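Asker: Let me give you the structure first, and then I'll get to my questions.
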């Protein structure tokens, strides 16, 4: 791995960790978006494993509502975890430009939803059947693109969890999804020794970024930061999509 690539990895996870420290999510989204500029999608997905797993485990065990959350959304989490294997099998069989295009589209959709403030609302009766269905979709998309966000975060927002419970639930979703992704990528031969080492070392700037992000959160309006964040994700998604289309041509 070139020195410039390693420096890009460190800078990427410093930025992604900072975003996560401010708003509680965004580490996989930012890191994937930036890393796919220089790396192929499977390598970018493998690089995020250690920072994403550790930071989201910390988020998942913070809040004191873990048991209640698991009791409520375990069918969603189970399907979101198991379906990652399906998505990864698609990833290794399909043109990577197509998968990168899908990632770009997911980032664009996520950014637009965030910018317009759209939020679903779901009744308990609908939650029982929608949870496993949306978990299945989320898991497949995670395996195909490395993005845990769509439609998983929208589902968690729609069931009207309190803010602290929502942050903890997202941490649980991202942690189990990352673990499933790590196993699936390793079983399919997509995690090399150098990538694994780089992912482990990237944990340091990710944790530093989270610490910095908490400081930023205390000084900056979260509403303003979220608008800047979603606008940046929109531009990044558009860049990835255009780059993938041109690469396919």
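Each Cβ is built from the backbone N, Cα and C atoms, and glycine gets one as well.
Take a look at what TrEMBL says about it:
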type     : residues : note
TRANSMEM : 37-61    : transmembrane segment
TRANSMEM : 73-92    : transmembrane segment
TRANSMEM : 98-118   : transmembrane segment
TRANSMEM : 165-185  : transmembrane segment
TRANSMEM : 191-212  : transmembrane segment
TRANSMEM : 224-246  : transmembrane segment
Asker: Return the stretch with the most CB pairs under 8 A relative to the transmembrane segment (191-212), choosing among 37-61, 73-92, 98-118, 224-246.
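Answerer: When the Cβ pairs under 8 Å are tallied, 37-61 comes out ahead.
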Asker: Does the structure show the transmembrane segment (73-92) and the transmembrane segment (224-246) touching, where I'm treating 3 or more Cβ pairs under 8 angstroms (sequence separation 6 or more) as a contact?
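Answerer: No, these stretches are not in contact.
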Asker: When each of 37-61, 98-118, 165-185 is checked against the transmembrane segment (224-246) for Cβ pairs under 8 Å, which one has the most?
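Answerer: That would be 98-118.
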Asker: Near the transmembrane segment (37-61), which same-chain residues lie under 8 Å Cβ to Cβ, leaving out any that are not at least 6 residues past its ends?
Answerer: 5, 8-9, 13, 16-17, 20, 24, 27-28, 31, 91-92, 96, 99-100, 103, 145-146, 167-168, 170-172, 174-175, 178-179, 181-182, 185, 190-192, 195-196, 198-200, 202-203, 206-207, 210, 239-240, 243
Asker: In terms of Cβ proximity under 8 Å, which residues at least six beyond the ends of the transmembrane segment (165-185) contact it?
Answerer: 24-25, 27-28, 42, 45-46, 48-49, 52-53, 56-63, 65-66, 68-70, 73, 77, 80-82, 84-85, 87-88, 138-139, 142-143, 146, 148, 152-153, 156-157, 191
